[in-house]
Ligand SMILES: Cc1cc2nc3c(=O)[nH]c(=O)nc-3n(C[C@H](O)[C@H](O)[C@H](O)COP(=O)(O)OP(=O)(O)OC[C@H]3O[C@@H](n4cnc5c(N)ncnc54)[C@H](O)[C@@H]3O)c2cc1C
């Protein structure tokens, strides 16, 4: 088979191929040796690669690659070794940095961007609440305008916030927080305090998760309100699209590693029929997911909105694909697969998060069915 068309799909330009090679060798050298350490919080990516601000403009300290393919390449390669580290990277570089890069004004970019691009500040994004996850627009956190001080007073609780704490002792540095400004929504930026760190998670254990509580936090309107007041739903939806593509890329990285482990194990074993079936089905599903991912990423413009159907679709497919491939890898490797030293049990636990975070499978079903009903003439091309 001529694999040239696949190479072009996965690395459309020489720059993409070089980026993949750079992140792959960093991952082999720096990430893989520490990936078995699932308790320590890791932010080793800070200065090793210089891609914390991957999609941010270079004049504000970013890498200047506002490119969904580059985002996918980085997330696939990091997740090959350590999906939890990659989840923390995603929360910082996509949920915070990219969201800010797309929606903030130049003054805010100059104020906040250099620190989050050079890694001296690490943060994330606060959308979910104790009773508003899938139904995110039902959020209760509120920001009330104080005209005397020209700012907003923020109150509320945000749940499951990646990088909400960094070490288990101290809060992350900077967060984009969504809050109601009345019947509609505003988007607000600030530093804050953390209350509770969640430690006993099924997977993604090296990615810190916390509950954050805001009590009468003052936010100067000039510097700490991002985009238009009451216009944040659009910012949220636009950022969710690239988040879902990045999560799908993480799934592809998990599946590729699980396949490599299965193949290496099976090459030392008699070719049992069950192993052949597991390996071949996993490969076909991995390739289907990877082709879907890069076909969508290569056409995604980060500054636009309206790619929801396939951002949902590729995450829906790839998340379950990765979990199934990791599951088969455990099955192929038997008792070894079940033990931590052989990596695939960690990948299986990490893959489960991808069916929940950034939108549950059921939320993708709901969104996709709605979007498909709106198709022109009810026909696919
Ligand atoms: C490790 C981790 C990291 C996270 N990081 C972040 C972060 O950095 N920032 C952030 O804002 N959030 C974060 N989240 C939150 C994540 O996005 C939510 O967990 C997710 O959106 C689901 O919301 P929920 O947990 O409240 O579940 P719920 O919305 O309560 O859902 C529970 C179940 O009900 C189903 N359900 C709910 N409503 C419907 C419906 N209308 N139709 C059909 N089924 C429905 C769901 O699919 C699910 O199966 C993180 C979560 C985890 C676990």
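Each residue, glycine too, has its Cβ placed from N, Cα and C.
These come from TrEMBL:
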DOMAIN    13-119  domain 'Acyl-CoA dehydrogenase/oxidase N-terminal'
DOMAIN    125-217  domain 'Acyl-CoA oxidase/dehydrogenase middle'
DOMAIN    236-372  domain 'Acyl-CoA dehydrogenase/oxidase C-terminal'
**OP:** Provide the three-state DSSP residue tally for the domain 'Acyl-CoA dehydrogenase/oxidase C-terminal' (236-372): helix first, then strand, then coil.
**Re:** 112 helix, 0 strand, 25 coil
**OP:** Go ahead and report the DSSP secondary structure tallies for the domain 'Acyl-CoA oxidase/dehydrogenase middle' (125-217): helix first, then strand, then coil.
**Re:** 3 helix, 48 strand, 42 coil
**OP:** With DSSP as the reference, give the number of residues of the domain 'Acyl-CoA dehydrogenase/oxidase N-terminal' (13-119) in helix, strand and coil.
**Re:** 75 helix, 0 strand, 32 coil
**OP:** Across the whole of the domain 'Acyl-CoA oxidase/dehydrogenase middle' (125-217), what does the mean pLDDT come to? Round it, please.
**Re:** 84
